[in-house]
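Novice: Here's the feature list from TrEMBL:
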type: REPEAT; residues: 59-89; note: repeat 'PPR'
type: REPEAT; residues: 90-124; note: repeat 'PPR'
type: REPEAT; residues: 192-226; note: repeat 'PPR'
type: REPEAT; residues: 293-327; note: repeat 'PPR'
type: REPEAT; residues: 364-398; note: repeat 'PPR'
type: REPEAT; residues: 498-532; note: repeat 'PPR'
type: REGION; residues: 688-723; note: region 'Disordered'
type: COMPBIAS; residues: 701-723; note: compositional bias 'Basic and acidic residues'
type: DOMAIN; residues: 828-902; note: domain 'DUF220'
Amino acid sequence: MLRLKFRNCRLTSTPSRNYIHSNAVRSNLHSTNLKLGDLSKSGRIEEARQLFDKMSDKDEYTWNTMIVAYSSSGRLSEAKHLFHRNPVKNTISWNALISGHCKNGNKDEALSLFWEMQFQERSFNEYTLGSVLKMCALLGLLLRGEQIHGCTVKTAFDFDVGVVNGLIDMYAQCRRVSEAEYLFGTMSGERNNVTWTSMLTGYSRNGFAYKAIECFRDMRREGTQPNQFTFPSVLTACGAVCARRVGVQVHGCIVKSGFKTNIFVQSAVIAMYAKCRDLATARALLQDMEVDDVVSWNSLVVECVREGFKEEALSLFRRMHERDMKIDEFTLPSVLNCFATSRTEMKIASSVHSLIVKTGYGSYKLVSNALVDMYAKRGTMDSALKVFERMVEKDVISWTALVTGNTHNGAYEEALKLFCKMRGDEGGVSPDQIVTASVLSASAELTLLEFGQQVHCNHIKSGFPASLSVDNSLVTMYTKCGCLEDAEAVFNSMEFKDLITWTALIVGYAKNGKAKDSLEAYKVMIDNGIRPDYITFIGLLFACSHASLIEEAQRYFESMRTVYRIAPGPEHYACMIDLYGRSGDFAKAEELLNQMEVEPDATVWKAILAASRKHGKIETGERAARTLMELEPNNAVPYVLLSNMYSAAGRQEEAANIRRLMKSRNISKEPGCSWVEGRGRVHSFMSEDRRHKRMNTQQPKKSENVKSKPVRETKTHDERDEMKEQLKLWRDANKKEQYHEPSPTMKVHTDHNIDSFSSIKMEFTLGLPPQAAYDVLTNQDNKTYSREISGRPLLKAISRKVTSERGIGNRPILEVDKELSWNFLFFSGTIPIRLNVLENPKELSAYNWKRRKGMDYMETFEVNYTVEPMYVDAERLCKHKKPKSREEYRKCSGGKGLIASKVKVDQNFRPSFPWNLPLLSSYFRRFTVETTKKVAEDFQTRAGDIRHRL
């Protein structure tokens, strides 16, 4: 027909010919556009593009179809290219590109296009606003969402139901429920099922479960029919508050509404019954499903794990595997969580790990994170580290699982090292609140105040909102580091305080000698309506014990049973026994031991042993020591204390038998451990440990200890010659300024038990050969003068004199002036030396320490100084060689190598009972460590003076 018309064109007029031709072109473009639309909708974009390029005529539909196709498939660069080429842009073109960027999370590009659209005075519509608001909702862009809200008001789109629904959803997902409620209230009479669902979902997601349930009821009263998105939200709310009765009613509505077969609704129903702990109904619904759906099975597995039904979760997982269901990356983390808190089923956990490797899910970050978390919680940190190191991409969850795992398993130093790597170039990950709380706990255990302060500052700079767990960890860290003012500042700044917060402050006061403050904090906590728990009473009784508050302790001990229905544990009994022992009432301590309602553990027996030693009750002490030897076979404390008790009673043979028994069982004192903080890093050292990576550069692997000798003993010819040679070398090195002693500044962590034996260890270097250093340390007439701290003298001058008498182990005994005995305690200067302080120190007004009548501050004190050679190759004569002996060093250096001295200080002491000074841990940090450092600095100054005089 069309061909006939063209043939007759020559018989008609020109206008008629033009009209017929335009109709033919338009008809051809329409059919091509239809074909182009079919290709793009079916995903055959390349074919659609080829057709698009061949088209000689293109209209708005043609351009928009291709832009929509590219945007929908995520090919945004090509969509943008066509958009800019489009000569006939309209609102649909803008919407297509903005929607594409919104779906792909390109917030900056999407918002930039939106604002550009307004700048060019292009008219946007409800679809444009819907896309941008949805993106703001998904990404939590509250500020941008509020700006768009203002734009809708100016353009009168705030009356459009679809736009208001988008605003409600945006505010709800940004946790601004009050704004969502306001908008919802303005739509009375215009609400549809999307409006109700948006508000209901907002309530459910933000923890307002009862409001969500009430919203569902109001929706039904107004006659609005729920959809497939409404039911999962209200079922989630029912499960959150275990509202099974309401959940059953909603289940009935689902059946009547015809959504019973909807997979997502079915999954929500099963999850609701599982959360309400009705596993029988949940299993029955799962069995009734016509098709095995992985989502529904996953939902039940997740809820079983969450509610603690781990055996049921594993059973479901086995059945999924038996039915050849496709187990995905969402199933496996839940299953792995079953093994995380259980020490059993390790074989099954290994089998699941093998399945993960076989199925290739090990490369999924979600699964790898769950593996790291599982192994870390089980305490197998080596396996956790292997999985972690194999991960190609590590996020904050990966690092957090490993760091918290080390903290929970007591590997505090490793936790801090990982935290530093996490923030450094290796990790490049910003810590979140969970890992921050964990690292603060590790810092508290190591009493690393400076490191904890840095973590605190980093947390403030990160801009995270207030976190109860972080604030609680800060309070604990500052109290354990003795900084009560900082702990109180954090405590007072907290908007919300829970039982953990109050308990941390109460225990912190108690362990820092602030018994009255601890009891006052407890009273305020009770006034605030917070009930104490098991740990709270440990802190209270500890405070009473160390302040000799017998009546208060008895009252608290009784109230925990009668008022708060908390059964006392071994820790509470240990505190009470320790209190009676300190106050001199050994009969009550023994009576309480016999009346214990629980089996006494090692803590209780240590308290009994300490009290027995205090009061000379050898029979009870023997019983306690023998029991401790059985409970803790490798603990040296009962052997040492029992031996000391025998020695004090003059039963030397029995004391020797205990020492022989200790030796035959290969039991020795636990080596001291020190944490040294310097140059932004934390180093840990064990006594006699040579494994530190820098140890070889500081001293030989095989130490040559200088033996204890009389001060004026004549040296051998070889020793004199070697010392002369070394002094000449040191004289030349001093002129060239080749050696400077490193500062001995360090922070030392010490452990102390209930028996109150404690120790401090330190190392420093002297730029002199060991023979000369020995003379410096054992000089009879030397005096030590302390420097000033905060404008007042820390200590008075201290005189030392080595007597000719010998003590235990043939060690020299030091004679000290009576009034200076307390000052002297940490300033020993003989190798090795044992000092028994028998005199009471006088009152020291500088510290406001008041002496109580008949109470000694320090019962036993011992300091050992050990000098070891350290090869200082100042001129790099040995180059890359690491000499292991003096002979090797002499050969490689040609006899011109400097030999310095590494001085090791080992302090062991026992305060008398009761300890009425500031508590031992606080005393270490505030006094002992600093004074010990000053001693080392004084010795280094003296060595420097000797080098200058050479």
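Cβ atoms here come from the backbone N, Cα and C positions, even for glycine.
Note: TrEMBL annotation is automatic and uncurated.
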Novice: What are the DSSP helix/strand/coil residue counts across the repeat 'PPR' (192-226)?
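Specialist: So the counts come to 26 helix, 0 strand, 9 coil.
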Novice: Quick one: average pLDDT across the repeat 'PPR' (90-124), no decimals.
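Specialist: For the repeat 'PPR' (90-124), the model's average pLDDT rounds to 68.
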Novice: What counts of helix, strand and coil residues does DSSP assign across the repeat 'PPR' (364-398)?
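Specialist: So the repeat 'PPR' (364-398) is made up of 27 helix, 0 strand, 8 coil.
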Novice: Helix, strand, coil residue numbers for the repeat 'PPR' (293-327) per DSSP?
Specialist: 26 helix, 0 strand, 9 coil
Novice: Would you list the DSSP helix, strand and coil counts for the residues of the repeat 'PPR' (498-532)?
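Specialist: Going by DSSP assignments, the repeat 'PPR' (498-532) contains 26 helix, 0 strand, 9 coil.
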